[in-house]
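Chemist: Here it is, the structure in full.
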């Protein structure tokens with residue numbers, strides 16, 4: 001006779017789901033949803049220009065071959081974008097602009113001043129980078145290339 005095991009409790013299922021949420025085994029998000037979330041949280045919902053700039057950086061990373069091979073992979077990388085960017089709730093009234101901007105970037109629109117920039121941080125912060133060439137300030141962020 002095989003020993004019986006206690007059933008897995010609902011709380012354990014929840015913990016398992018949270019643990020798997022970053023590895024692609026949980027609910028899959030669309031590329032547009034991931035792009036929209038990056039724009040929504042990183043540009044502080046400030047302007048279309050800021051959102052398009054964030055999206056341009058995501059696409060530059062995607063196309064560089066140095067980052068994951070999907071928008072969701074790029075946006076979901078640890079310590080690269082806002083904490084919880086793929087899971088935090090969004091306010092419906094603020095999502096419309098981010099949805100439109102995400103669709104535009106995925107169709108090929110890019111911010112004309114981003115160029116090959118793959119990095120940004122909050123505007124006004126001082127960093128210790130001596131190899132940063134700043135190309136744009138938009139949406140509360142300073143965008144730069146490493147030289």
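The backbone N, Cα and C atoms fix where each Cβ goes, glycine too.
All annotation found in TrEMBL is predicted automatically rather than curated by experts.
Positions annotated as domain 'Cell wall hydrolase SleB' by TrEMBL: 47-143.
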Chemist: DSSP-wise, what's the residue breakdown of the domain 'Cell wall hydrolase SleB' (47-143) into helix, strand and coil?
Modeler: 37 helix, 14 strand, 46 coil
Chemist: In the predicted model, what is the mean pLDDT computed over the domain 'Cell wall hydrolase SleB' (47-143)?
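Modeler: Mean per-residue confidence for the domain 'Cell wall hydrolase SleB' (47-143): 95 out of 100.
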